[in-house]
Amino acid sequence: MKLRQYLRSDAARGYLLVSPTALYALLLLAVPLAAIFAFSFWTQDYLTIDKTWTLKNYREALSEPLYRELMFRSVRISAAVTLATVLLAFPIAYFVSFHVPKERKSLWIFLITIPFWTSYLIRVFLWKVILGYNGVLNTTLQGVGIIDEPLTFILYNANAVVITLAHAFAPFAILPIFVALEKIDRSLLEASLDLGESKVTTFFRVTLPLAMPGVIAAVLIVFIPTIGDYVTPRLVGGPNGLMIANMIQTQFLKLNNAPMGATLAVLAMLIVTAISLVFVGLNRKFLRGQK
Amino acid sequence: MTQPIIELRDVQKHYGEYHALRGITADIGQGEFFSLLGPSGCGKTTLLRTIAGFEGVTSGAVLIDGKDMAGVPANLRPTNMVFQSYAIFPHLTVAENVGYGLRRRTDLNRQAKEVLVGEALEMVGLDGFGKRAAHALSGGQRQRVALARALILKPKVLLLDEPLSALDKKMRDQMQVELIKLQRHVGITFILVTHDQEEALVMSDRIAVMFDGEIAQMDDPEVLYRRPNSRRVADFIGVMNFLPASVLSESGDRIEIEVNGLGRVEIGTDQAPLAGANGGTSVGFRPETLTILYEGQTSNDHIAQGVVEEVVYYGDMTYYDVRLDGAETPVRISMRNLFGRPVLEIGTRARIAWNPGALVLFR
């Protein structure tokens, strides 16, 4: 009786309505995550998995210099990618928002997304062609006589990873910054000029603070996926450009040590979470006063 | 007149093909409350923005305090503006907004600036609001912050771009009076842009009525209301009745005219402005210059006869649309609803007293 009543209530209907999606989200997000967590507390015992709960993996992951080095390098490369992407994206977003006529803005945004029409993998390979020892860049520079020897610091190292990722994530950074700039009431800029500030000081006192939510969104959007990127370091990173995701892959597949891989994945997640929380906090500060 | 604070000399502004300002010439005096009044698209805001320095002029000159402002950007002009949207910086507090323009004042230390901000807030009735976030303010409060932020810099001219249009009626009436008081208190020139003729009449010392990028008439409110120089100005400001008329004879400073519904009458040449009539000769008069006579009432003025065709009751006033005998269209007459005086019904025949001195001839 009570069950029937409950099934007729609004709450029950709501749950029923969302249940397919909720189930889907549970299966695809929560379950794998829980599995990774569980694995990280287990250990690999040759061919079988020892399911006794232990922190042994975490101790090893935190004390082993190789893992630590890879973790730091991942953060470092990600930070460099984020910095480069956001610094390059801002002027583009600014230009489109402030200097492109209104009716052509959507065309510009559309053009910016064009690189996405090709697969990520192909774009990475193209960078290999551009940056390689006999690549486009080196042959051109040699051809015009700027360099005698091909540059070697641009491929198969961290630099190549930064360049490739910065290119891949550029639209992700441009769009949120563009949106934030679009939301700025232009009369605020005029008001600042009217109150005696120059165009440059107006940028720093009005435009930039009001664009910060977009900048922070861009930082998060670029930073979070790049720290766990696997394809780019694998293809253009060389031995010194490898990142934590490559190690996780190695643990799972080559070394057949899923628990260790899971532990590294959890640790990477924790680091991303910690850094992201800092930016979310910053965002809250900048969002103060904006609707 | 003393040295005008703003001199506009044949100011022209083109936007490509569009001719936004067609030769504006005007002097605005020190301490004057001056309004630019006109329908949207008449160029009044463009003119204000050329004075502020946000727009350049195609030809002509804008002089502020005797200095040609050509090439002087907005941040270096002795003017400050209150924007239509108020343009309050949402990421700053009220005090930071008000003190925004003080940053370049290196002669003041922090305490001196705080004192100035406090005084400015007090002047606009917002003392104690300094620490509030700007986005939490109401429309009227934003307006006050915008005023304080502009006036704290002691500009020679304060420019107001439709400052009251975003407020509700009651708040608007209140702010009109406050703005007049504030202007008297600080004693600087205010230039107000508005499309609201009532607002302009209430607040201004002088009004420039603009149509299509030109000043149609520039006068004090009373002259503008009583002696509009064209039918278009007359139509834009307040309610004006028009009746077709014809000129019978002119001699010296007297003109004899025949008006449908009012008959033959003599008026002075000062009642016949030179500007175009826009569709034949006609006579204009305000609704309050006619009086409906009740039974037994007499008047020394001219008397006309008519029938009440429509009654619009406003509480303190009643508007009657009366068709005068011999006229084709009704005229509007406004009567105060004095105590004990009944509101007339539709169809009533009435005697109407009128005075030739209130007529304006457009030809």
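Here the Cβ of each residue, glycine as well, is placed from N, Cα and C on the backbone.
Annotation comment: TrEMBL describes A:21-42, A:75-96, A:108-133, A:153-181, A:202-224, A:262-282 as transmembrane segment. The annotation domain 'ABC transmembrane type-1' is assigned in TrEMBL to A:71-279.
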Grab the same-chain neighbours of the transmembrane segment (A:21-42) for me: Cβ-Cβ under 8 Å, and only residues 6 or more beyond its ends, written as numbers and ranges. 15, 49-55, 57-58, 258-259, 261-263, 265-266
Can you say which of A:75-96, A:108-133, A:202-224, A:262-282 has the most Cβ pairs under 8 Å with the transmembrane segment (A:153-181)? A:75-96
Same-chain Cβ contacts of the transmembrane segment (A:202-224) under 8 Å, 6 or more residues past its ends? 78-79, 81-82, 85-86, 89-90, 93-94, 169, 172-174, 176-181, 183-184, 188-189, 192-193, 272, 275-276, 279-280, 282-283, 286-287, 290
